[in-house]
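S.K.: Below is one structure. I have some questions about it.
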Amino acid sequence: MKKEIHPEYVECKVSCACGNSFTTKSNKPEIKVDICSSCHPFFTGSEKIVDAAGRVEKFKKKYAMQ
């Protein structure tokens with residue numbers, strides 16, 4: 001590998017909207033996410049609709065599924 005062309009690899013704090021946070025390594029010192037393994041329905045086993053942009057309502061309106 002060539003020297004001094006790669007970005008610095010530092011510890012990174014990942015913060016979720018649910019309040020969970022963990023540390024990993026990345027090029028960025030801080031990352032904010034909407035969904036993590038603590039609140040994602042696949043990992044929690046709960047069935048809730050994750051709809052960040054109103055996609056479900058838009059689909060129902062488009063196909064008249066009220």
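All positions are counted from 1 along the displayed chain.
Note that Cβ sites are derived from N, Cα and C of the backbone, with glycine treated the same way.
I grabbed these lines from Swiss-Prot:
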BINDING   CYS16, CYS18, CYS36, CYS39  Zn(2+) binding site
S.K.: Taking 10 A as the limit, how many CB atoms besides its own sit near the CB of CYS36 (Zn(2+) binding site)?
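M.R.: For CYS36 (Zn(2+) binding site), the 10 Å Cβ neighbour count is 17.
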S.K.: Taking the center of the Cβ atoms of CYS16, CYS18, CYS36, CYS39 at the recorded Zn(2+) site, which other residues in this chain have a Cβ no more than 8 Å from that point?
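M.R.: Surrounding the site, in chain order, are ALA17, GLY19, ASN20, VAL33, ASP34, ILE35, SER37, SER38, HIS40.
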S.K.: Can you count the other CB atoms that lie within 10 A of the CB of CYS16 (Zn(2+) binding site)?
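M.R.: Cβ-Cβ neighbours of CYS16 (Zn(2+) binding site) within 10 Å number 18.
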S.K.: For the binding-site residues listed here (CYS18, CYS39), which one has the lowest count of neighbouring CB atoms within 10 Å of its own CB?
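M.R.: Lowest Cβ count within 10 Å among the binding-site residues (CYS18, CYS39) is CYS18.
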